[in-house]
């Protein structure tokens, strides 16, 4: 039986491939659909309607309109770090009360 971390890794891999399909990469449209389905709260809180376009530009390092798994994982890592930073600040504030 996989551990929670192994399950989390498996979920990230399966999610990427679910949206990438057989081609093995995400297009901007694939990324938009993935973000809408898997990160609806993140997109709802964005004040910029071009958020997905900007994310795609940041992730598409080769400028070929494709986002591979490594770039996708860097997005997940960045979002996780931001969430952790918020969590740490929130917990410190909660502890001061």
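Glycine too: its Cβ is placed from the backbone N, Cα and C atoms.
Per Swiss-Prot, the annotated N6-acetyllysine among residues 18, 37, 47 corresponds to 37. Record note: among 24-35, 48-59, 60-71, 60-71 is the stretch given as region 'Ancestral calcium site' by Swiss-Prot.
Taking the C-alpha positions, the distance from residue 57 (N6-acetyllysine) to residue 23 (N6-acetyllysine) comes to 20 Å. Of the recorded positions 23, 28, 37, 54, 57, 28 has the largest number of other Cβ atoms within 10 Å of its own Cβ. Over the region 'Ancestral calcium site' (60-71), the average per-residue pLDDT in this prediction is 93.
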